[in-house]
């Protein structure tokens, strides 16, 4: 990066530059060789000692006393003498000896900074740092050095900096820079600079414009920052600086910073002569003395950058600068006046020319405040003085005062007026469909004006509340700030048109008398030829009638607002002025309520929320897996909601509270180490589908085997009894009859035999009942004695990305991309003791590369005052304005309050214009359309290495290496090139949306992008709002038009939930810059280069023998819910690494201290019901066996710290039951097969 200087410091400031022999050219330097640092230090100490030991003379004290005594006499002297004394006192106050820090900086700055001048004035400074010369980009002018002025500078608008390579012969003058900035005090030209909380601050007044480019030094004389400007924060001023953080240059810009380059005079124009805008040539050029000439001069310079300086100078009427106050903010209104304009509804259902006509209603503030523009002026009296309690309105041709207390605003109910100034009113109103403004004049007559206006206070946050709470949460919002100071917002004003007034004419016999009443009147009569002119005294028109004349009052001493409800001055044309308006829209924070915490009940893979909303509150939740499955619902009354918690986790947001996160535990009601029904219940609650499938398959297999056994027995029986059935008179042997259950002719039924035994021989009856029980006991004993008939069935494949063992110090491993879960890896190297590395992701940031296409916001339609051409035809001129429309309408006959505006009936034309501009709210309320490209991934990793926990940050690209002590770590790239951002995204107020927006220059009316601009402050604007001018209504002066509604406001209503709530994998979306944080997707490979010195040889490590492991308790799928006791004997005292060689078991302790014969307790975490794992301590391994029980908590608020298994394992108890059941069924099948084989063999032998 070009803005990072290299360290080419030769210590010239503290010791002489090393001497080098020049071959031929001898360079003679005019500067004397500086002394060594020790000499400088001695001089400084001696100077400080002399200052400390010097006695303070008493004479100045007497002088001060005499001055105080003379002040009483000076008060009695003339004002002329006082003016002469004042400059002398100021000069004596300026003479102040620099402090120690200032002297030190001046000494260091002697070589390394150079003045930047423009037209002989110092506008800032350039500084030599490292191998670069650096100058703030906003400082205009050239460096006051012949060699540096010729350099080609590279400019960075991002850092507001220009830099170039230092000439070789000047490198010795450069200062060293550093990125080390511990909190404390630093030095600059004006004294001490405090660095705290990442900000540089100074006492207010210590810095000023012209200090831009000055360096800030540490106590070693190294540059830590370069000053660009400052922001006044009361007693302290926060500095805007460019500084360095390791290898990265950064810019610190506090809010409200002002550039500290010396302001250059801005020039204005008057009669082809330029002059400084702050010093008009007519000395003094004062509005009170020459109002018309002053307004004309301002109109000529309305597009000049120094227009407002010229306006202030014309109104101040003084060459001396005065302190600004609230009254001065109202001073600009002395050049304007209120006016009468057309109102569609004056309160009784009819239109009129109202003194409180509504011009514009602004509702961009998200806190619900309305900004209303009307035709009267508030806070100004008719004598142009300021008075908060008054307002002035136009009554006929004359402004009249009224009390401000009579002003009111109303929608569906009365509104609360929160601020007034000039033409503007701030009000907080309830929702409604119309807006009415009105006032009561001095004669107690009420004037109102009503407009259709749909008002609904916007929603801030996720709760629909009605009043601000005392306690809550601060959310960003926007409001109209209550300040009357000059802002960047402005309105256009122009000369008022001639106002027709037929009451000035009276008919006297055959003549017309015009009574001017102290006004300037323009008249035109069509009798005995053309008779027209401009008069200031009464005039009589002979041989004429009133109907043949037209009179209008003209006034060019004041401006009025450029309203579409009043005509444009026909003589002035497009001439106009501008004035600042109050109450700008600013970003702020609003306090919103926080909903009551819900009552939470945890169930198996479910969470139940009992909600108590005080007002309509939004509930939303999403899964933190691949498919977010986002849901939201407005809750208006008490309600109980049950939500399923997926294995990946659940995020629930209730109102304005912070999100709640839940993860399910593998909890069940059964146990994996109990009876068959408990085991079945255990697995059924964990994995119902798999359990049902396995049980169904096992049942089918058992049923098949039993059926097979029965079939073989039936076949053997049939083989045995068939020969006897075919032989006449054959008798079946008793034993065969018993085995084959053959019923003899004399045998009774089982019921008859049982009845007989019960009646005659009860002991035999009980013996017969014991036969099946004896058979069952015999079968069980056979199963116990039967060797294992089948091998253990494996129902799952334990998959894990656990530890890997390598035999080299170049180690590579893969860790899951899950934040907050520790991961351990074992590094084994022949001849060395094993080393355990523990790594834990603190955060993972995915930041896409963005390209800003445009910003869009709300537009405003500019409709200047229409140009009415009386008795003629007007023509449109092409103008390069966004969505510009111009139309000429013929046959108009407009009226003003004093009568018809034109003398002609049908030959009049009206030229209507309209175009679109960005609204004033675009500086705060806008959406940015970005194209997103390849994303970079950075990770913050905690590494436990050599007994220390160290946190490092690195780019996870597989190339960027970071050093942890003496080991080198290379992280990435991610296994999955996934991003939550689409190719096109929209950013609005800290929220990000995936949206396929229209490209630049292709916006459609009423949709997102109907107005487009490159930046909020740029002048290039594209607009397509379907603006169509319409014919004005007969008799009224207005500019009607049709236009599509704002696409930006429509998008705000329909935009839906942002990526903050809908992104998969639990991503947290942030802005400035746009990034996704902690997306749990994929794996991250890590390559580790460990030096030989980090390993411990086996001969140096303690030897551990006689190890035994006993698990005291174990709860699987819990946060280190297992505890094992390992007994050992160590050869010597030392430290041993502890590691689990089983993938599915994680041990919390990375290493332990061993000594002699002792025991240690280790905590482990596993997802296995029966954990069989090996623990390695130093180079010795021991086998551990654990019987784990399910956790008691169904839901927890942290992710699992162990390896998650897709399917649970089979416990040893379950396997024992499987073996028994399988062996029993197998034995039955084997016996049946044996019987069948014997029967078949006997049968075949007889034949």
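From the backbone N, Cα and C atoms, a Cβ is placed for every residue, glycine too.
According to Swiss-Prot:
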type	residues	note
COMPBIAS	59-71	compositional bias 'Basic residues'
COMPBIAS	81-100	compositional bias 'Basic residues'
LIPID	720	S-palmitoyl cysteine
REGION	720-740	region 'Transient transmembrane before p62-6K protein processing'
LIPID	740	S-palmitoyl cysteine
LIPID	741	S-palmitoyl cysteine
REGION	892-909	region 'E1 fusion peptide loop'
LIPID	1241	S-palmitoyl cysteine
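The two recorded residues residue 1241 (S-palmitoyl cysteine) and residue 740 (S-palmitoyl cysteine) have their Cα atoms spaced 17 Å from each other.
In this structure, of the recorded sites 720, 740, 1241, the smallest number of CB atoms within 10 A of the CB marks 1241. Taking DSSP states H, G and I as helix and E and B as strand, the region 'E1 fusion peptide loop' (892-909) has 0 helix, 5 strand, 13 coil. The two recorded residues, residue 720 (S-palmitoyl cysteine) and residue 740 (S-palmitoyl cysteine), have Cα atoms 8 Å apart. In three-state terms derived from DSSP, residue 740 (S-palmitoyl cysteine) belongs to neither a helical nor a strand segment and is classed as coil.
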